[in-house]
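Notes follow the structure.
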């Protein structure tokens, strides 16, 4: 049967991997290709590359960077950052990406999801959603790469995800903003609510701090994969140790 | 030894190219059969939908030459599915090099569609050359919504509520439903095994 995925995420700004807390105060944590190669060799099940500043400043993740990473790794590779057209996506896929994740550009023009799914198939199209609770409701946010430009969308998170799936997204990555970089555990409540309406693979993001957090999110929110950044970048845990722990706890992972 | 990598205009040809480079395997990206004249093996990669991919294979002459070819051929993902007689995806006829039909994956309770992620390879056929050096239970990376039910050309399978053909072969015609180019060391070994099959 299918294994649960452990997915390190490289948040990239100006050619370096950075990491913030709750989407603010980013610090440099390393070189892109070095980290990609290290995680691929360590047993990561997929790698996500987010050019976090791209959407907010109207730019797009560079195909050259996509190729430099894709050349080095032998695991699936998902790329995000200001991809706002079929041609933008095609250039990144031809450069070596396996999947395209869209977030702010999909909120700007939702039919981008339909167009990408039609052209490349749903399996290529990942809907990234940045969400936090505002006045008791989960709400979608855009331009989260730049704290000064971040804003709350009028859409409710569950409505937006249902619409994205209807339009042909083949996977959902839910970034729970209040948990980002805090290492206090995934937002199980929000993830479970999304799981209940999500018929495609669902990836949890935001909050991983201890091995137990991964176990909880798989057991309690039944997500297909768990994405994490700072715990891996800062050496809080090694992917191999994490997987050995999960396997011992009865969670199916790729050794 | 040179592998012809058929460019069907599908999106992930770079991933396959990089994997062949990492494995140190010579290859040429070719669009038409004439371009593959000096190659001794052929890989048909594939990401996308069956209908448009078959249209491109027909337009470029591959649908006529591949059935007569005789060189070792390996289809990957959609490329594997196109080797069969028919696909329910768009209700199109395939190349017909392997017996069987491609159907939509059912959605048993609790499983998501498409089948996306690392699944264990099981049910190895004895002597399958693509599986040399690989142990049963090894994981490979799958991404697909249509499948070929395990049957007589199946050399390895995986379980996704139903038995899914993971590796198929009949004579020189073989295929992987998963992506060896994105399946870590297991995938690299399968690509090397393919390169070692006697032409």
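Every residue number used here counts from 1 along the chain in the order it is shown.
Every residue, even glycine, has its Cβ placed from backbone N, Cα and C.
Here is what TrEMBL says about this protein:
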- B:77: active site, nucleophile (ACT_SITE)
- B:179: active site (ACT_SITE)
- B:181: active site (ACT_SITE)
- B:9-194: domain 'Glutamine amidotransferase' (DOMAIN)
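Mapped onto this structure are the features recorded in TrEMBL.
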residue : record                   : CB count, 10 Å
B:77    : active site, nucleophile : 27
B:179   : active site              : 26
B:181   : active site              : 31
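According to its DSSP assignment, residue B:181 (active site) is helical. Residue B:77 (active site, nucleophile) sits 11 Å from residue B:181 (active site), taking the Cα positions as reference.
For the domain 'Glutamine amidotransferase' (B:9-194), the mean pLDDT of the prediction comes to 94.
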